[in-house]
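What follows is one structure encoded as structure tokens, with my remarks underneath.
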Amino acid sequence: MFAPLLKKLFGSKNEREVKRMLKTVSIVNAFEEKMVALSDEQLRGKTAEFKERLAKGETLDQLLPEAFAVAREAGKRVMGMRHFDVQLIGGMTLHEGMIAEMRTGEGKTLVGTLAVYLNALSGKGVHVVTVNDYLARRDANWMRPLYEFLGLSVGIVSAFQPPEEKRAAYAADITYGTNNEFGFDYLRDNMAFSQDEKFQRELNFAVIDEVDSILIDEARTPLIISGQAEDSSKLYIEINRLIPRLTQHIEEVEGQVTQEGHFTIDEKSRQVELNEAGHQFIEEMLAQAGLLAEGESLYSAHNLGLLTHVYAGLRAHKLFHRNVEYIVQDGQVLLIDEHTGRTMPGRRLSEGLHQAIEAKENLNIQAESQTLASTTFQNYFRLYTKLSGMTGTADTEAFEFQSIYGLNVMVIPPNKPLARKDYNDLVYLTADEKYAAIIADIKESMKLGRPVLVGTATIETSEHMSNLLKKEGIDHKVLNAKYHEKEAEIIAQAGAPGALTIATNMAGRGTDILLGGNWEAEVAALENPTAEQIAQIKADWQKRHQQVIETGGLHVIASERHESRRIDNQLRGRSGRQGDPGSSRFYLSLEDSLMRIFASDRVKNFMKALGMQSGEAIEHRMVTNAIEKAQRKVEGRNFDIRKQLLEYDDVANEQRKVIYHMRNSLLAAENIGDTIVEFRKEVLDATISQHIPPQSLPEQWDVAGLEASLASDFAIKLPIQQWLDEDDHLYEETLREKLLSEITTAYTEKEDQAGLDALRTFEKQILLRVLDDLWKDHLSTMDHLRHGIHLRGYAQKNPKQEYKRESFSLFQELLESIKRDTIRVLSHVQVRREDPAEEEARLRREAEELASRMQFQHAAAPGLESEQLSEEGAEVAVASAPVRNDQKLGRNEPCWCGSGKKFKHCHGQIE
């Protein structure tokens, strides 16, 4: 009740923040005259001066006004661009670790230079994160002259980069790269076998461009470095033949069955479930195909893997559609990002779903993989000391940014007021009526000579619209994931008079549609253009620009609402940049996915009450509200999925931190002899306690078992029974001391034979190898636990609490196994005095052989489904997998680990 009044009196939180920052803007502006008077050399010298002042105890906040003034003046001299006052506010927002929401065309890239320059002065490095390699290179090369003028170095990281080049890029003051590459390099660093192999420094400050895309849309995608597992391609092919014989079970809303079948589909949660008839039918078919023994159930423990394959096949056929969720290109299934409309090369669906789609499309089925290292973007980016971001659409997700990342959203005022007109949605009964109305709207705009952008949610819809326009004889361009190579060319001229562009969400982000077309693209198309040619192109563009403005600017037509309001706002944002005129209109029908699944009943009843006829549309605020309510419902569900993913990954993340800290300490240590001594004592104590319970009577001791365990774990045969027979005073405590002494003596002899330095190096390599192998299998076990844990709910237990409890128990076992297996390998290695180089090489070779022979296996069955809120067949971003093959690698061939080094300079050193 009092909230509106208080807001009127004191302003919103955002307005108060802007007011606070405007005071600092005044101080920055006061420096401008002084900066203009400096020579280039003096202006450049300011960077060294700032670094010196930092070293003497000043803070970045104290330097901010003068540093921003320096960056602004450098921008004028080098780029010919001066930061507006609102851009200074954006720079302060980023420096303070917040998200700056800025409209299209407000110069986000230029805003970033302010915070990046200031924070790079600390010498700890700044990462500028983009959504793809193209944008990373474009922005880095665009801003490089500015940073280098100010005496700062710039690096770019990318996939398949030579290690030396990548290391230099990370050592630079400012490093550009994609979210995927930064995340994968973090994982690779934690698989390195020496400090020299690592790339990244301390994670200091990151500025994320299109922050909502990376921290929200990508949050459900785990980053996984994987190696190959067993080949199950034949099974996928067999299952794929059976799936089409299953039919869908359909019920009306009133519960009346209209079609008996074997499975049901829940479009809201994207789930497909076999019913009782379906289970019986598929079991019969599997038995006939020889995949299931006669009379056996799919739910038998040893058949759960088969059931997973059946569900993967069902989802592939019933939930994933070609040209909607994926396309087939060059014999591969390429997933389409629902938020950007772009393909995602290198990304695969998990739980066998990607292989099932490959089988459905009759493609070569790639082998399944085993996780070697993994994390999520949520947990990776929370490792940075300070995090900030920029986007055109963040305010709708402000709660999620705050609750998960601790990031506040600041809406930056535009430099010029928005002149775009956003019309109410038009809702039709059928899709055909909707498309007819869109064609009519296009024709009307084309008569005026206005450029038109038609946004579609899928490739399928964009191609359908294209076919309709061809029938009408209307010239147009199509931009979707199939024709992405023409993207720059199409977007460059999408604002020309009378231009018509049909595009998926690709046109919604990272693009700037200039009214009248892009004159710079025209100049770039010429070979060695003269000054006269450039002047003529500019003059022609100015005429076209004015012509488009007079006709009303770019008209954006959307063929349906997206699940997320952000994506809709991004599409609208293509029009009306920097105060230009423009308009937008959404056309919907009751047959659209969002309307059909989430909003149709209420709207359909409302339309019936109005007595709507074919071809009529409804334009009413109630309908728009109902649609936005449906969108909020979907957004809320997706937020719950991301939050749940984070809650589960937080458990794994704490374990990841412990293992990676242990690993980094190992790499940094010159000598781990004391660690091995400690391990040996702990393993021996545990082994003895297993056979001689503390404070037990000698009659309860399992002496034979202890002798066997010592022979197995420590490679030493000791006559313990004989000692006990000969010495009546050999009690438990004295026996422990005697055994430790004997084992230590045996290992000391090994040190003397091998040479202390060689054995110390060998110990480190063995411990790293054992840790990596056991961690890999632990990840696999955790994955299986995660996918099956929801079943505990049927036993009235909290799945999350059960997951935490069991994962903690598994982690304790992992830590004990690392100690035990390390000691076992070291104890079994036989050494003799050799030439030092040969000796070290042989020791490492034996270590490799022993470690590879050890079976670090966990008995586990793949889970059936994740919890109701979790995403079925979640995507995983897969790095160039460090696949370890059995065949011998040549010394000059690339190493199997994916580091980019030659084998002889990488893992070949320890083999």
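Heads up, the Cβ atoms here are built off N, Cα and C, so glycines get one too.
Features as listed in Swiss-Prot:
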BINDING   GLN87, GLY105, GLU106, GLY107, LYS108, THR109, ASP512  ATP binding site
BINDING   CYS895, CYS897, CYS906, HIS907  Zn(2+) binding site
REGION    861-893  region 'Disordered'
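The record gives GLN87, GLY105, GLU106, GLY107, LYS108, THR109, ASP512 for ATP. Within 8 Å of the mean position of their Cβ atoms, the other Cβ atoms in that chain belong to MET102, THR104, LEU110, VAL111. The Cβ of ASP512 has fewer other Cβ atoms within 10 Å than any other of the binding-site residues GLU106, ASP512. Of all Cβ atoms in the protein chains displayed, 20 besides its own lie within 10 Å of the Cβ of GLY105 (ATP binding site).
Sequence-distant neighbours of GLY107 (ATP binding site) (same chain, six or more apart, CB under 8 Å from its CB) are MET81, HIS83, PHE84, GLN87, listed in sequence order. Compared over the binding-site residues GLN87, THR109, the count of CB atoms lying within 10 A of a residue's CB peaks at GLN87.
The Cβ of LYS108 (ATP binding site) has 24 neighbouring Cβ atoms from other residues within 10 Å, across all protein chains displayed.
In this structure the residues listed as binding ATP are GLN87, GLY105, GLU106, GLY107, LYS108, THR109, ASP512; their two most distant Cα atoms lie 18 Å apart. LYS108 (ATP binding site) falls within a helical segment according to DSSP.
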